[in-house]
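Working notes, beginning with the structure itself.
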């Protein structure tokens, strides 16, 4: 007799979901921490507007990764929510907000890059740092305001049933909840995905055209890498996820495959470091220098550990030799006190 939990609300493999979350966490966290160190160092030396935007994007990715273990616990528990309920809407709010923050900041970075190349003289005479700060605040507010729908849905109607009949978190919805959620999702897909995608596509297409006419090969390669990483984010990580919003609005319910395209959207935290890497030659130089320092510290630690092991092994060998030396010394002292015959016989 099957006594396992009812998973009619989720027909997929929850261990696959857990594996994707775990992979994202293990790969994305160290990469974004390295990027955070580089951006903080750059802003302390010579602050640039694009670095302000990318620093906010890094902070957004780290926020997603820090809350990802909650999703991992949920997946390991068969897509049930075993944690205190107050953490359910909070984790959902952080999760979806950071996803859309990436799209907004990528669009802002594309505008910044386009202006610096298409209008270099005008760009240099403008106070970009203050504007970059205001744009960052606007992006955080815009994404947060839209994704606050998580709280509206979770606490609308009968709160006692807000976790669904299976104790789930933001997986099951009543008809009155879907009447609110599906139109909001469609609006989010248009405002927070389609519009940033159009802006980013225009800016980078113009940027490639300008550099193709007279830019250096090194700069062309860097822009090509930046464009590839950005399009990978939009088309692979975010595209299918936002398509599920459109399909859900048309069908009147969330599609069954939505959970899997949501997994794709979490992978953006692993792709964003490549956006940082191709964003500027200065980031590449600082990143390589940081890696050299870390490798040097690792080599120094290994050398010190090896020396400690050798000293420890040498000390053990000396302690093992002391009883034999003591026995030999006592034997020779006995021979010197009149036991020559016995010593000779031995």
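Any Cβ shown, glycine's included, is placed from N, Cα and C.
Small disclaimer: the values here were computed from a predicted structure and weren't measured.
Of the residues 56, 166, Swiss-Prot records the annotation N-linked glycosylation site for 166. Membrane sidedness, as given by the topological domains in Swiss-Prot, is identical for residue 19 and residue 250. Assigned with DSSP, the residues of the topological domain 'Extracellular' (244-258) fall into helix, strand and coil as follows: 9 helix, 0 strand, 6 coil. Of the listed disulfide-bonded residues 88, 169, the Cβ environment within 10 Å is emptiest of other Cβ atoms at 88. Same-chain residues lying 6+ beyond the ends of the topological domain 'Cytoplasmic' (200-222) with a Cβ under 8 Å from its Cβ atoms: 106-107, 110-111, 113-114, 117-118, 230, 234, 278, 280-281. Note on the topological domain 'Cytoplasmic' (41-47): mean pLDDT across this stretch is 85. Long-range contacts of the topological domain 'Extracellular' (244-258) within its own chain (CB-CB distance under 8 A, at least 6 residues past either end) are made by residues 11, 173, 178, 182-183, 185-186, 188-189.
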